[in-house]
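Q: Below are the features listed in Swiss-Prot for this protein:
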type: BINDING; residues: G79, T82; note: Na(+) binding site
type: TRANSMEM; residues: 7-27; note: transmembrane segment
type: TRANSMEM; residues: 37-57; note: transmembrane segment
type: TRANSMEM; residues: 60-80; note: transmembrane segment
type: TRANSMEM; residues: 107-127; note: transmembrane segment
Amino acid sequence: MSVEASILVLVGGFIGGVMRFFLSGYVGRRIGETFPWGTFVVNVSGAFVIGTAAGLGARLGGIFSTTIFHEFIMVGLLGGYTTVSSFCLQSVNLMLDGEQRQALFNIVASALLCVLAVAAGYGGIMWIMEWPG
């Protein structure tokens, strides 16, 4: 990996991490912390955005298929933004707290909705780009 690529990932990861921190905290304060809603929202929205970005790259190419876009947005920004490791830890903590149903819901719903969000983002771009100019 080049120095330039490392810097792109670093800066993107910093921005994505700050975005995750604020959005997750905001959602947690608004909805409550009885369930890890902040992490849930971040994971689903991050999945949607990465699907949208991949769709733009596949449909339009150009800047969306460049190494810079991939390193900064896909690896850095979205890698710093999404919180799969936090999701896993919170699922285990729910189990350890005796909240097996909430843990199972978190695991199943997050996996299902994140996959659907990627497909929706990707499919949405494919559909929008089919519109006559």
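Placement of Cβ uses the backbone N, Cα and C atoms for every residue, glycine included.
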Q: If we skip the immediate neighbours and take only residues 6+ beyond the ends of the transmembrane segment (37-57), which ones have a Cβ under 8 Å from one of its Cβ atoms?
A: 20, 23-28, 31, 64-65, 69-70, 73-74, 78, 81-84, 86-87, 90, 106, 109-110, 113-115, 117-126, 129
Q: Using a Cβ-Cβ cut-off under 8 angstroms and a sequence gap of six or more, which residues of the chain neighbour G79 (Na(+) binding site)?
A: V9, G12, G13, G16
Q: Identify, in sequence order, the residues in the chain of T82 (Na(+) binding site) that are 6 or more apart from it along the sequence and have a CB within less than 8 Å of its CB; answer 'none' if there are none.
A: G16, R20, V42, N43, G46, A47, I50
Q: According to DSSP, which kind of secondary structure is T82 (Na(+) binding site) found in, if we only use helix, strand and coil?
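A: Its secondary structure by DSSP: coil.
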